[in-house]
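Below you'll find the structure, written out as structure tokens, and then a few comments.
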């Protein structure tokens, strides 16, 4: 046994009887047997005391269980005794018997102290001995001070371990910190082994204690293992071995994980492991004291996969004599770090599966001992090798090069002098820091170019680094700090485009070879630039591509004397370190360009060009300063001042006084807006740094009706001066509210001065008091009672108030000083140059130039009376034409525009909805005049009836303004933004200013007071600007929609009264809820209210004056009256109010700083109301009516259905009537879940996911079906009856409950309204518990599915077809939502649920989670919720957006579908938002890598920064219905070439040849990878005519009548041919025919003169013999064709095909086909598909519906496709390929002779007999060949001129359902006119198309474009590519017993038009079609298509057809 010879420590001898003193005699063994206790108790001195009889009595009483007597006796003795020693004895007795009460009495009342020495009679020792844990706790806690005496604890612990008291042991170790590794020792004693806690526990057999100790810091020592071998083994086996997670390779046995780490084992016994050695898969022996191991470890553990031996004292592992002894071949991981190995065991070299080897922190001097390593395989699977912290001097190549799978190598902190030569392995991470490396090998880029990501060669002795290090394409982190580098390789040769971190600190960069600093740094050895004089050296340069990737650059501690210029171009840099470069004195201004830089280290640099105070402020300030320098920034003192206030308050007069210092003489005209300039000099005594401030003053006045318009001129960073008339007193103060709210709404946090005029009208003696009162009123408006700023109002304090007299000018100087002081303190937040004061801020020169250009443009336009706005394109042009323009990116342009807006040069609104942000208004006066036209409309019935104007009338108002048809949409959006004209339908707008201020008739007469009424009051701190206008517009839209729904339901019933429209509320009391209808008699609306009356009740919403002092309303009052007591209308109204506030006025949902809500809802008690109505006195109302707080109602509704009113407790009020929205009474009864049928638990196992705002989604069952339940959790009171009346806690809980109810209601309502196959259906709702049930997605979210499938594939983890279908279904769902005016707002893969991953299923996904969706009432939407990364960049606070935000998210989801990855752009929301707004998008890959061209293009279109450039969901749906979308993979430009050849085998390669003689070269394209594998490889020789690949050789025919055969073995390039053959003519085509003999072929070479040469080939080499077949001879002798016949012309062989299972070869002979019988190698038959001058150009075989072989051929003149039945040689069909619109063409197929015995036999006389229809062929110079046919076909072949007259019109491709069979194309898109299959036979094809209408091309070119190029067999379909680039796809289908052909698709990629004409095409590897295009310059481009067969097309068409059908069904169901 290894390790048994070790001697135990020397103190082992100290085991004696004295050691047993800790264990009292047998008398102490039992709890009762304490009678001898007295005799054993000894004094600290050791002498026994004589026991008094009372002690004996106490013992006896305890012994007899007479506790009370014992306690009485003990207390008596205690009272009598004075001796502390005696009291100590009493404490010991009580402790021994576990009498806790007495122990507490003695400790607390008698103050008995516990001794700290561990004597036998110490009460704590005694208590521990008997195991009284509570007594021990009490005793130890009585000790004074924070620390318990360690000796006492250790003694007690050893004792408790021996006695087996686990609770005491736990208490001592866990609570009091006793150390399980410490010996129990008394004073002046030696430690004894039996007093070691673990030893004592194991010896006494206390297993549970032993395990507890081992788990809390105790270790095995050699004494324990020697003295208790079996118990030790038992413990190790039972408690430290568990079942392994790794699979077992041993049948029937459990795989084991041995965890013997951190036990300080001195040895491992072989016996411990022997019987389980076959089961061990993981063995952890780390952190022990092992000097050696038994021989079985690790070599004999056959199933071992993980071995950890780290932190031991191993000098070596057990030796093995031969490799046969090593049976641990399954080992995957070994950790042998922190040992004493001098070399690795040679046995490791035999572990062929080892993946990870950690051997750091050893004494390795050699890797392996070479002499002992014999016949080893090498660690070929090793991925990670860690050799850090050793003594290695070299890494032997013979070992390193065997590591073929190595991905990570760490050799840091060794003594390596050199690094091994690179070898072939996928190395990703290489760490070699802190060695003695003097050079690095060159060839890193050869082997690790695309793998190595992280390289660390820091702290070495490198003087230079090889170029290859910077040519590693995947390199992300390169650390070279702490070397002796003088220069780096030339940057123009770098290719490390992914580099993120480059650390070059602590080097010699900037020194020359002599050690002296150069004048100009030659840091990078690049080509020197000529400088003045003879100096030629180069600055440090970085390649331009690093600007995209490099984030961290360290150049500190070098010898640089200038910042390299290229550093300033690294725009992505976030950290730059330049410190400790003594020569660096200046920072270039260009550094300011680095917008992402947040860390700039310039420590210990003496920078002269940045002031010290700027440097102190940190990197941001330094960069801002440099940016200002770079951009030639100038101090700008121009600001915008806006003067506002009610009319006739003295605004213009005040302005003139400020400008001139004099009172004006003339009154001003009532213009709406006046603009003027004013310069204010610095007042005397001011300490401001600016001399003067210049204002662009906008004096906004005009009539009161225009007040709402004026808010559009309010912009940020302007100074607002609100002017009011002091003389008008409180009334004028009330009027201020409107202006102050307007300013805060449109320019939050603006600086506002409130200036009172007419000071002279207040009598002097009352002036001070009166002004103080008025000031208090003003402050009361905009500050809360506590003094904090009121929400919704600007921040106005007494410092912002001023008074002035415009008559005697009193206060004018003070006002000037105030304006100057306030202006100088205004901050320029969010500036590009940095946060600074607005006055005197630095503005880039280019912004100021642009300002000048804009002002000049405005001047030019006003002189020419032109329109005063710019479009975004015009502004871009203006920017580009501005001299010195340095505005480059989108963000910078936005900053420039902000500057123009802030200075009053421009007006611009960044809303993206309807493209409003694309207009820039130059002149506010002009805009005001345009708006005045609308305000000049009087409410006449002609133009605007009831305040509603038709869109065409609104357009008429634009005539003469300069707004065009292109910009009217933006103008209308502008009107809606400022509530001037709000859309109420698609073609009508509400003009709120035309509405009367009060209802036009007495509404009170309509409201009959009755009992059946409920009310709701919204009390608001302020009513936001625009609230009523938007509310009334929404109500009009909703009422109209409801009328329409009712009208649709009642289409067949006529209305009794035409003037009456029907209006429906849903929900009635019957059965909780059902549907209830009323007739809407009248709808009346005014500026702040709306009333709808109907038979049996009414509904009214109006403003309520909550506060008399606020003239503007302070709330909303809703009344709903219904004789049927159906109050669900209240839910309808409150929904509208709440959603409007949430979306447009969220400020109202906040609270004041003192916690009071800004908006509160109250419900007057209807019972009180009814009784009050009988009283006449209105003053009594407030006392007699109870107002329920909505919060109370909500909290009560959680638990009960009624609420009690304190005024009539006996009459409870039903909550269902009071707050119907909480009980969802407007929902149909069928949607309420029966709770008894809902089975769900809320355990963790059933959680499917988390929703927003704390909702949880559970898996459940309803009526036996699986469902998903979305549960809204509301916090409950423990005891709601006694809940505190008015606490903040209650308010918070109520707010939480209301939020939950509101979210629940919004989402449930939305789900209820949505019915679409791609949208998750609502199954039902429940109030108790608050939840709704949805369909359950069987496969979870798309994100989960993608992450599960993305591991194995690089693109499209779900496969191509499924990706297409899912993308289509998402777009379809979005299109439906947008049609319903719903903006999803949170589209992401988490919210897309997956139903099926089968491409055959009709529905694969559904959209879910409408928690933050927005209903858009034709007006766009506001709000910033969403998920960063998916959220469109235009979603920002206060920006109105439209449904295009969903299209941005859709683009991101497409990225996920294509890549399988989340669109990650950073970890922080701000970082992501910034990147997206800059136009940075996730990187996907080139189209040829992704291979889904259209979807990738759509993705990029969707995530365009400009919303108007994104497509609509509806247009995406229609795009994706075209099969081209799905089948077009990519196009690949291939440069100039001369010939294209495809391989006929299973390979994906095609080959181009170019040039001739010496310059002849070839290019190989791998179409599977979209890669040019070989580019222009030279292969001299003549120009090619033809090429064929046969097995591993290539046959190449050239124009000099030769065939060269090249071998392809060993992937060597084609250089020297193996063999050359001569032919009598040029070879025009090849064909390889397999022969029955293995590896034998016949190679047929068709020649230009019509001959066919036959070469037998065996094992890749042709035999000597070669035979020829002569077409001419066969024609003459066999088929009797005379020589003068045109068919006997010498036609080149253009096409050959193997037919009839290889028994025949058919080949072209001019217009005919000749058949070779392969068995006798003779021409046996001739077929006549065409007549001369046509020539067969293409030939292919495929199967028909019955699986019989058909041969298709194509010619070059008639453009006709002919089909033969190969077995009978019968011509079965013809199809003309020249139809400009071939989709849906059909042609009949004649049955073959075999099927119909009566049909005539084919002969070979001529073409006429073979025609299956009446066909004539004619040829003319003009039109070429035409086939004139008179068969029933969809294509009219009457003459070619029928195409020369009509453009190719797009047929409406609506789907139709046809009877489907296995190979029928039931899903081909058909015109809706042809509903049944019979009528499909006789379509009418119009022939009114003219050729010149088709396109710019002429007729001949047009017919050329329609010429078919080739016929291809793709699976079971025929593809016919045409010169124009489109592909006709033809299929055969069964048709009432016979067959017919049909064009099932036409594929046309418009992207290919610019690449010329389609020249050739081929099928490669059976499933891919490659078309080659060439233009006039012989530049070629490949278009690669997915080779779809009938099955794929069927799935494709059915997918959208079926979706359409399901959609229609859903609509019908509704």
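Including glycine, each Cβ sits where the backbone N, Cα and C put it.
Feature annotation from Swiss-Prot assigns domain 'Protein kinase' to 1242-1525; the stated evidence is sequence analysis. Taken together, the residues in the domain 'Protein kinase' (1242-1525) have a mean pLDDT of 85 on the 0 to 100 scale.
Among the features that Swiss-Prot reports, phosphothreonine is placed at 1061 (among others), with the record citing similarity to another entry.
The phosphothreonine annotation in Swiss-Prot covers 1075 (among others) and rests on similarity to another entry.
Among the features that Swiss-Prot reports, region 'Disordered' is placed at 1839-1895.
Among the features that Swiss-Prot reports, repeat 'ANK 2' is placed at 86-116, with the record citing sequence analysis.
For the repeat 'ANK 4' (152-182), the DSSP-based tally of helix, strand and coil residues reads 22 helix, 0 strand, 9 coil. Annotation comment: Swiss-Prot describes 152-182 as repeat 'ANK 4'.
The repeat 'LRR 4' annotation in Swiss-Prot covers 353-374 and rests on sequence analysis. With DSSP states grouped into helix (H, G, I), strand (E, B) and coil, the repeat 'LRR 4' (353-374) comes out at 3 helix, 4 strand, 15 coil.
When the repeat 'LRR 5' (381-402) is classified with DSSP, helix, strand and coil residues number 4 helix, 3 strand, 15 coil. For 381-402, the entry in Swiss-Prot reads repeat 'LRR 5', with the evidence type sequence analysis.
Long-range Cβ contacts of the repeat 'LRR 7' (427-447) within its own chain (Cβ-Cβ under 8 Å, at least 6 residues beyond either end) map to 388, 406-421, 453-469, 471-472, 474, 479, 482, 495. Here Swiss-Prot flags 427-447 as repeat 'LRR 7', drawing on sequence analysis.
Here Swiss-Prot flags 474-495 as repeat 'LRR 9', drawing on sequence analysis. Taken residue by residue, the repeat 'LRR 9' (474-495) breaks down under DSSP into 3 helix, 4 strand, 15 coil.
Per Swiss-Prot, repeat 'LRR 10' is recorded for 498-519.
For the repeat 'LRR 11' (549-570), the list of distant contacts is 481, 491, 497-511, 517, 520-521, 523, 539-543, 576-588, 590-591, 593-594, 596, 601, 603: same-chain residues at least six beyond its ends, Cβ to Cβ under 8 Å. Annotation comment: Swiss-Prot describes 549-570 as repeat 'LRR 11'.
Same-chain residues lying 6+ beyond the ends of the repeat 'LRR 12' (572-594) with a Cβ under 8 Å from its Cβ atoms: 505, 510, 517, 547-563, 565, 600-610, 622-631. The repeat 'LRR 12' feature in Swiss-Prot is assigned to 572-594.
Among the features that Swiss-Prot reports, repeat 'WD 1' is placed at 1539-1579, with the record citing similarity to another entry. Sequence-remote contacts of a segment are chain residues at least 6 beyond its ends whose Cβ falls under 8 Å from one of its Cβ atoms, and for the repeat 'WD 1' (1539-1579) they are 1486-1489, 1491, 1529-1530, 1532, 1586-1589, 1613-1615, 1632, 1959-1960, 1962-1966, 1968, 1970, 1972, 1980, 1982, 1984.
Annotation source Swiss-Prot lists repeat 'WD 2' at 1582-1622, citing similarity to another entry. Within the chain, the repeat 'WD 2' (1582-1622) has long-range Cβ neighbours (under 8 A, six or more residues past its boundaries) at 1538-1539, 1541, 1543-1545, 1547, 1551, 1553, 1556-1557, 1560, 1562, 1574, 1628-1632, 1639, 1641, 1643, 1645, 1655, 1657, 1660-1662, 1666.
Helix, strand and coil residue tallies for the repeat 'WD 4' (1693-1729), in that order: 0 helix, 22 strand, 15 coil [DSSP]. Summarising the annotation, Swiss-Prot assigns repeat 'WD 4' to 1693-1729 and lists similarity to another entry as the type of evidence.
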Cβ contacts the repeat 'LRR 5' (381-402)/the repeat 'LRR 4' (353-374), at least three under 8 Å, sequence gap 6 or more: yes
